[in-house]
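According to TrEMBL, the features are:
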COMPBIAS  1-13  compositional bias 'Basic residues'
COMPBIAS  21-38  compositional bias 'Basic and acidic residues'
DOMAIN    69-146  domain 'Casein kinase substrate phosphoprotein PP28'
REGION    1-78  region 'Disordered'
REGION    135-157  region 'Disordered'
Amino acid sequence: MPRGGKKNHKGRGKQFSNPEEIDRQMRAQREKEEKEGAESGSSSESEEESSSDEEPKRRGVEGLIEIENPNRVSQKSKKVVEIDVNAPKELSRREREEIEKQKAKERYMKLHLEGKTDQARADLARLAIIKKQREDAAKKREELRKEKEAEEAKSKR
């Protein structure tokens, strides 16, 4: 016996199931499923009516010991009739923050378009400066064009 008391199974002969044995087991399982299906099919209607009002089956020790855990939330399924579509939906914290963020952005954009924010004022001042520079450049070009025309007119005479 090796150290630690564990047996080594390596090198042992492998055991294979007979094909007839496998077929017999599969037939037995099919018959069992058919019997269960036939029994549940006839009594399924009465079980559905009675099980909808009762609590779910308790597993293990739950059936023996009555517990009152205030933190335990029981899962109750709601019927389609009981669901109120028009009831206000409670939003999660992330959803609320996302909506608040969008509203704040919309308010800022509205004020920005009206020219009431610091950034909008700076943009408008920058635009005014650029507009003034472009007007000056256009006047200068116009004056140069007029001078050239005047020089051409003198040279032709």
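The chain as shown is numbered from 1 upward.
Glycine residues also receive a Cβ, built from the backbone N, Cα and C atoms like all the rest.
Just so you know, TrEMBL annotations are computer predictions that nobody has curated.
Here the compositional bias 'Basic and acidic residues' (21-38) has, by DSSP, the following mix of helix, strand and coil residues: 18 helix, 0 strand, 0 coil.
According to DSSP, the region 'Disordered' (135-157) comprises 22 helix, 0 strand, 1 coil.
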